[in-house]
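Now, the feature entries from TrEMBL:
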type   : residues : note
DOMAIN : 2-59     : domain 'HTH lysR-type'
Amino acid sequence: MIELRHLRTLMALKESGSLAGAAKKRFVTQSALSHQIKELETRINSSIFVRKSKPLTFTHEGSRLLNLAEEILPKVIATESDLKRGLEGESQQLKLGIECHSCFRWLMPVIEQFKQHAPAAQIDISSRHLFDSLNALQTGSLDIVLTSDPVPGHSVAYQHLFDFEVKLIVASDNTLAAQAFVTPAQLAKQTLISYPVPLARLDIYKHFLEPAGIEPGEQKQCDLTSMLLQRVACNDGIATLPTWSIRESQGLNLTAVKLGAEGLKRPLFGAYRRDATNANLIQKWLELVANEGIILQRVDQ
């Protein structure tokens, strides 16, 4: 098999006109270069240049390989450059959609890390496509969506990033606060305080109450996590939040309780178009988010 290192050696031989010069260009010893040339000649069963010729003269077979090198290597260099620009290019943009109100706080460090890897990249992160993010992804309005609810389809790929736990938050003097865990039946008719999201889309309803045939009481909505926690502390209702948001409750009269004996675990996926032209940026972002997820899990244990 002819390898790129063989083609690079041929180019070095042509440019330098001697074994010694080619070895210097390839940053190897002359003995190592001779061994590599002998290996290539054994593979093609032919000599690639006329021995002791000055200037160095390629054989017919050597010339064919040299032509191949002159055709292939510029393409390899151009491709490497394109891939590198995928992380560094000034025109690169990453439009991020989030189906999670409480993710912004822990995503800030990820954005800072991402800027270090791709300082010229433009990042647009928002929740304005909160209820139609996957559609916005397919139409090109977004490049990546962080979601816990993948929708099967051929045009969108889903990369699992990490799992997280959702817990019940109640005032510490609420009778539920003394429980090791709660059952769906214990939350029947309870006033539920949530972000401004339809009940049917909430994890607590979709994956805990509804499967058990339980309906909550009134749903009250709140835009900010801090305000939501304050209202729960005042016994205005109960709420559920990912464990990373519970850290904001420090100093408040609140208790976190497991949902079910095993807890309610949810996955987080990074969704992106399979034909995305900024695949390098996307993969770097998802890698950093997954790493941050590992840190979040350690802190929450």
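For all residues, glycine too, the Cβ spot is worked out from N, Cα and C.
Keep in mind that TrEMBL annotations are predicted by a computer and have not been checked by a curator.
When pLDDT values are averaged over the domain 'HTH lysR-type' (2-59), the model yields 87. Counting residues per DSSP class in helix, strand and coil order gives 35 helix, 4 strand, 19 coil for the domain 'HTH lysR-type' (2-59).
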